[in-house]
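Beneath this line is the structure, given in structure tokens, with notes to follow.
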Amino acid sequence: MDSAPNFIPRLLLLSLLIVSIPLTSSQSDANTTNPSPSPPSDSDLCNGVFVSYTHTKGSKIPPNDTANQPYRFESVITVLNHGRDELKSWRVFVKFAHREILVSASNAVLSDGSSLPVSVENGTVFAGYPSSDLKSAIQTAGDVTQMQARVELVGTQFGVAPPNVPLPKNITLATDGWKCPKATQKGTNVLQVCCIPDPDYDNREIIDNEFLPRKDGDLTIMYDVVRSYSSNYMAQVTMENHNPLGRLDNWKLSFDWMRDEFIYTMKGAYPSIVDSSDCVDGPQAKHYQDLDFSNVLSCARRPTVIDLPPTKYNDSTFGLIPFCCRNGTILPRSMDPSKSSSVFQMQVYKMPPDLNISALSPPQNWRINGTLNPDYKCGPPVRVSPSQFVDPSGLPSNRTAFASWQVVCNITQPKDASPRCCVSFSAYFNDSIVPCKTCACGCSSNKAARACSATAPSLLLPQQALLVPFENRTELTVAWAYLKQRPVPNPMPCGDNCGVSINWHLATDYRGGWTARVTVFNWGETDFVDWFTAVQMKNAAPGFEKAYSFNASTIGINGKNNTIFMEGLPGLNYLVAERDGENPLKNPRIPGKQQSVMSFTKKLTPGINVPGGDGFPSKVFFNGEECSLPTILPMRSSQHRKHISVFLLALPVLALLILRA
């Protein structure tokens, strides 16, 4: 009985000890298994599109050149869609800064259509390929493989030796409808930016139609799949000119097949080289063992397509395609709407794994050019809503293409590119002509082979020298410089080397108006059919009245109605090539020529200074190509009468020189 009171406290103490043990253990486990969460990454904090550029590796490559050492670089561009909607046709601009030459790029193409390797020292835009769209996390339940694009780059840069990192100056999302701040650097090798939707951009059409809207451009190309089978499809290619001064002569269209496709047949156009050897020696012949490859038109990875002559328009094999077969001529709509587009069809065979009716992929890296025409840069094909065509059966219905892509091309001026036409100025108050600039259309880069100066300014000319080829002008030019008491450089200035030149002559200036004379010279070997020229007048265009030998009118460009468009009248639309003189052994060759006087009124342009500059164009175009202009204007001298008398005294000397020539 005495032990009972001692037993109860001991039992109570033991119970408390047992209860306290698991409590202590539980608290300890909680502290060790639940560490504080790590901070979210920069991409997780972006509620838009996250773009990053990561330099991964660099190394020195030959040759050894301390002043201009090349290095290999490897980097990765990541585009991650953290927005609410799908990102259509993603494009990323990278502002390279170290004279980079891009050698390879995975999962992307260059949006300007350039083929690798290519210099990207001024920056370039990458476009997604073969997958150009990025789904959102909402659409994919967070599947990063559908939300993200990863582009691995390999190239060469100059001057940045490891361990230094050749990061670009900036990266940004170039897709329409997005706003990006300046990219920030993280660490030593990462440049990143978070782009958000532009609240002022209307993207309802994209959301409603699931296709990007068609865009405007100087020239658009539609790639429409009009028939599709498991192994091949029929594509219709339509080129349309939308620039009032744009034009193509003898167009040549090229592109890159990216998935081993080849062209079996064509209508409305033809490859510049017909060759199936690449298929016979490649995987195409192994897969299509029963196909007669002697009938294949082109197996080139980058074929060049040319237009057919008009004689093939009604040919059942090669023609019978609307708007085909015009020798590659595409005119502005203002000249002839029926000649402002060109169309052809081609049957394209596919290769595994694309052997099903819905596996359709357009070619990439489109490029188009012509002779004596503007230069175009074309973007990547963009998937748009299927095109509709009039039913060929004549029924009042439209047929829809299986799939459609649009390529937009715009006129550009390549760096260091030379014009292909030039302008000279003259006026009634000065008997000298301000000629085209020295080397206006380029000169040989081989200084040793030149017997002339590419830097000396061109010498003033007498009026009659305009009709004489440059190589026959020397005596006239030197004699004129002597009479005008002007120095003659040694060596003499080089010629302009232009196939086409245009003389703008200010003919009269009176109280109520003024006149000018335009003369177009063709010094080349090719006739120009349906030629046109255009002059931009900053202040005088509203006063234009008429051209007496040309069909001319004022047109608006970029919202300004200051350009006068001129073309040959019916029957006079040929600018013939240079031809032999009456006596080829004695007389110089004669250029093709078209000329007209233009009249202007001052009623709508009061206060203009015609001789001081308003009577001369600020820009001149021939067949869409912008021409080189002189840097000086004819001078109006108080000694004008004295100049006339000197000119009259010089006439016998000049006549003697012409007879000797």
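The chain as shown is numbered from 1 upward.
Cβ coordinates are placed from backbone N, Cα and C, and glycine is handled just like the others.
In Swiss-Prot this protein carries:
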CARBOHYD  ASN31  N-linked glycosylation site
CARBOHYD  ASN64  N-linked glycosylation site
CARBOHYD  ASN122  N-linked glycosylation site
CARBOHYD  ASN170  N-linked glycosylation site
CARBOHYD  ASN314  N-linked glycosylation site
CARBOHYD  ASN327  N-linked glycosylation site
CARBOHYD  ASN356  N-linked glycosylation site
CARBOHYD  ASN369  N-linked glycosylation site
CARBOHYD  ASN398  N-linked glycosylation site
CARBOHYD  ASN410  N-linked glycosylation site
CARBOHYD  ASN472  N-linked glycosylation site
CARBOHYD  ASN551  N-linked glycosylation site
LIPID     SER637  GPI-anchor amidated serine
REGION    26-45  region 'Disordered'
SIGNAL    1-26  signal peptide
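Feature map: Swiss-Prot annotations on the structure.
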residue: ASN64; record: N-linked glycosylation site; Cβ contacts under 8 Å, 6 or more apart: none
residue: ASN122; record: N-linked glycosylation site; Cβ contacts under 8 Å, 6 or more apart: PHE96, LYS415
residue: ASN170; record: N-linked glycosylation site; Cβ contacts under 8 Å, 6 or more apart: PHE93, VAL94, LYS95, LYS182, ALA183, LEU191
residue: ASN314; record: N-linked glycosylation site; Cβ contacts under 8 Å, 6 or more apart: LEU320
residue: ASN356; record: N-linked glycosylation site; Cβ contacts under 8 Å, 6 or more apart: SER230
residue: ASN369; record: N-linked glycosylation site; Cβ contacts under 8 Å, 6 or more apart: LEU248, TRP251, LYS252, ASP375, TYR376
residue: ASN398; record: N-linked glycosylation site; Cβ contacts under 8 Å, 6 or more apart: GLN388, PHE389, VAL390, ASP391
residue: ASN410; record: N-linked glycosylation site; Cβ contacts under 8 Å, 6 or more apart: GLY217, ASP218, LEU219, TYR376, LYS377
residue: ASN551; record: N-linked glycosylation site; Cβ contacts under 8 Å, 6 or more apart: MET566, GLU567, GLY568, LEU569
DSSP-derived structure type at ASN314 (N-linked glycosylation site), helix or strand or else coil: coil
Set of same-chain residues at least 6 away whose C-beta sits under 8 angstroms from ASN327 (N-linked glycosylation site): ASP249, ASN250, ASP307, LEU308, PRO309, PRO310
Mapped DSSP class for ASN551 (N-linked glycosylation site), helix or strand or coil: strand
In three-state DSSP terms, the structure that ASN398 (N-linked glycosylation site) belongs to: strand
Surrounding CB atoms that lie within 10 Å of the CB of ASN472 (N-linked glycosylation site), all protein chains: 16
Helix, strand or coil at ASN170 (N-linked glycosylation site) [DSSP, three-state]: strand
DSSP-derived structure type at ASN369 (N-linked glycosylation site), helix or strand or else coil: strand
